[in-house]
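To start, the structure itself, in structure tokens.
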């Protein structure tokens, strides 16, 4: 079990010191009586002395010395004072060497010295050694306590208030050695002890970290000579301090001397009547009490002044003052009592050189800040490595420094299939028209360049083809010469959108290379901080020199003012306020030394001025006037003494703040010995001291706080977490939580892996009685996690951490900000500072890498294993991921790891199965690692996850990943950026890899910049990302930095506009938008700027009139920019503020990777991939897809209930694709893209799907937007999920897929596409799990742990076969298509959107079947119009179409158009909207009972419609000649194709199938494995019935011969369809291959009838001997009229 101390931190051990005699207790009345008597006697003696001396302050120095040595002021006289007189009689010049050495050993010599004021615990000849003792011999690194017999006798205890001689001022023992030993001295404090008003001999060792300057006592010139002589003796040099030590000590001495009359000030150090200042019994701070007691005894002649004035509190306020750097003279120890802190070289930082007068002081504020500002060693090492990396990429290398962007490529299978040839248009300089020709998409770009050059040059042998490039028109992007044309994403998009491929032929010299690095960039040294000024940081800056220097200047100005003016009370208040400002600037850290120093300063300033003047008048040789002006500068001035101590405490805090994050060897060359960690058996321990900077809200809302301390490696705990004690808050300058508790982990340091992390999580217990608590009236809640911080136990040099650390504990509110909240400009996040004290042993502990065995490992043959063992091992190896492995599986895999070399992809599973990563086991693990076959980059990506923290593993993984292409790396860059969080140190192989790729590819550098900039908002890792970003900007070159600066500025401007528009009222938003965009326009007047979304797009100005905003909740902006390339189209993007777009980025990234997987396998699902970029917290930019609308906007054209109708989508596509060829192409695009969307949204668990975040392009491509809910986190409607279906597939989508209301073979194609795409993604299950796992630390609200990945793993069904997965997904399609909940969800959303947009309306309604509007001026006036005839058609349903004969003016031959009854009705309805006050002819819309699509109804409607047209044309010219009527009669492409029908006598097409015949086909998948025959019945098509009605088909099979019909199997029944999809598996088990070769498979398709016998639709008999049962056979089989069982 872990051990936790209850108070001091270390385990208690009995001290061997005898307990000192307790002084007799004195109650309050006795104290008052004694004080009155003492004051009366003192006043009487003073009157006598004053009459004799006459207060002649201008007398000689000798008279003053006599007064100084008078004993009249003491109420008690000690015989030891006689030794002072003897010291004055010594003739220094006549002393021999032996006499000097005798004086050195004289015990009474110390009494001749001037009394010393030990303001702080110090190690010097002039400080009492009662708190110091020699430690016993240490056998361990951190013993539980240092105890042993003291080598010094205990001092006498004086329960008296009277002044004592100098030698006994602080209980100094004159028999103790004058100088301390050169060995380390330990300051010891008690563990648990009651409160004592007299000094104790402590038992807990304590050793100060920093230097401890002292006050040098004032000595006469004679005494100075004497001491100098003594210092030169051999005895002193042998047993005392060396001269070098004396110089160090002298350098610490303040030039502000202590008053020699300090012993005349009475004190009551044994009496403490102030309950506020008394330490608690369970947490006594003896050292601090002794310190306070001694100071107060010198500052107050009247002891009640200190007692009463101490209760006064000075209000703290924020008042900035300019401060001047002053020398300081005192340093305090601000460390925890419970820790041994060894003095290091850092302590010498306090020591400054002597001034010309021979005195010394501590460093000035400027010199200290220069020391603080020095870069730590890890940063310096990182900077050196970046400099080395930069030299590998000289600016002269065109391959790595092209200066322009390369068009990304994607490998695509079956490029040379249909439509393999494309038309290319190339602009060549000197040619007025572009050169156009047709080429094969598989041709390389270099061949295309040669074809283009043939138009320019006759002889290509004289031309350097390699010096030419093809630039994309409208973009600053160049095709890659060594890749085929069709592999470029730009060419693929042009083919997808069916747009012209326009390119431009340029030479390298003519190509814009304005992003290339220059010679100046190569010569500029690397500076990690120089270029970060342009980055907005959402957190408080680390301490820098200039702000703190200003605060220090202000502090010293206030100090100087306080020491000079008469009214010191107000001035001291300003000093304290300045101190508070400094502490606030240092993250609210207020050390114990600062707290105590402020208290003493308050007491000192409240002393009566008469007593202070008395002390000052006795000090120097100046007259009264000089004393009055310079008395405040007197070192004996109590205010001066307190200020000196306060100054020292401030400077100690500065050093602590600056050095807490550094390596122990950073500050100075360590002189410690080094010990290897694997030989260290001590347990890990540290002290949690306090948490600083607590907000007032926490104080009111939380009652107690505690910490959970845990050790982790590879993302798992090494030991059970330890909980600290529960404590409340304290208030000084700021609120703080103080534990001062020792935590001991029962794990030896030798067992700690190098990458061990210490995690400290702060919890708060809610104050249930607090009225401000939001849950005060609710059920009591459990503790809340308030924040967390992690710390590596070994630094980048592999030294174990030691000393005090200030750890920034970021609160949960910062890491999980409220979505939609807009951060105010200038807002700086606050952070809690956790002070943790680690032991500082006498040696540095270093982690050394074990020697790796380079001998060849014996690789075992998997085939030598027993069958059951081999099968078990193969089952584990074939699992998709290590996430599903049990403990038993891991142990088994690790045991058999040497059998797995032939399965290299299983390495992550093997390493994840390692039982531990202790030092003793690393050699064998590393040997296995280095001999393992190289992994593919996407497989090695898993080794960058949190499960693999080992530096050797991660470094080797990066080596394997280096084989990845730049375009693949660009796609996966977000995961690599997140993987930086799992690196234990700043300078890692991963950082080097990313920066090296960024140096060679501008697209990677650009994307990496925006990803790192966005990651700065992750406050826990912001410092690391800041360093990497600084390195990227430093090596990227001046031109790239300038471009990124412009992009950042543009984003800031657009963010400001978006916020203003969002906050404006609805009616004023457009005005605010136009005005605010003027400022953005002024930016473009000075700059051209690349688009952050896509740097190849360059904008030169805004098109303000085209800019608008969307009416959704976030009110995003539509920003339209003019392309800088005149051959390019305008640039449209959406800028959104108030929503976190990082989840959208991740979802779109996953969809893009899926699309690339499909393309590599030859499956083009025509996915719409648009770009999305998070440019900051809750803001970002999204690419707008042109010519697209939401499903809601399309559906509500048919009313609010349009989502329940089947035709809206099909009719909308027909409007934009009027010809049959165009509509068929659009329908095909819809089928493919809808299949891709169904698979992608299901696999990723994308929820909150409604008709406002599903969009349709006019070309038929469907795509999804707004990915706020994913991984199965559904949007709730009360207690119900709004997303009830697996994915969105509605009847109107099925209508487009089928081409009508009934299922067709097109729906079977859709199902096959879905299943094929699903199975291809399933094969990459491990990749998607790894990619999502790496994004867990990104802070996305719905991806926080491994548990969130369970949805994806379950959705992909990794353990099933492809056939089983096909059946599974087919059932999902059926479930989604049959879900009425989706349509209700659409309806609810339609109703909800009415409050934003109302019912759809148009000022100029247009006809749904015509995308444009025409006028009679274009087409000519109509002379005659009539309904000529009607025809029956199938498309695929039977319907009637009416032929309208039109004769226009100036035409001889009439024209014909074809319109349905619904289209006539649409014309009438929209004329009623345009002319609501006009009397229009009545429309024949009477209800028809029964079937409408019959000949009799069509004949009647022909007459009625003809009458309607005659009345319409005879109406007013405003109606008859309006554009809507002209558009109705305008011929469409379908009219031109079908016009011949009207001229023929028999106008029939699309005749129905002939009944009575057998027809159709069935698609089967036949396979055999593990003694089982699998027959998957996939589809049947074109079934024929006798009566022409739609059948209810099902499939039945037998294995013949089968006399008893035991082999009968059948599928489910599909209702009312000629083209059913089954995708059902029929299984025959227990048959060998030999048996099956003698069998035949008989398959029959029948129609199930309820009122009659099932009838036969067709069948087929397949001899199984004709099949290769070792592989799957998928084929269509024609149905025949064969007999069946």
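Glycine is no exception: its Cβ is also placed from the backbone N, Cα and C atoms.
Segment annotation: Swiss-Prot labels region 'Interaction with PtdIns(4,5)P2-containing membranes' over residues 1486-1491 (candidates 1474-1479, 1480-1485, 1486-1491, 1492-1497). Between the stretches 1236-1244, 1245-1253, 1254-1262, Swiss-Prot puts its region 'Catalytic loop' entry on 1245-1253. The region 'Disordered' annotation in Swiss-Prot falls on one of the ranges 41-60, 161-180, namely 41-60.
Look at the domain 'C2' (1554-1677): DSSP puts its residues at 7 helix, 60 strand, 57 coil. Secondary structure of the region 'Catalytic loop' (1245-1253) per DSSP, as helix, strand and coil residue counts: 0 helix, 0 strand, 9 coil.
Per-residue pLDDT, averaged across the region 'Catalytic loop' (1245-1253), gives 87.
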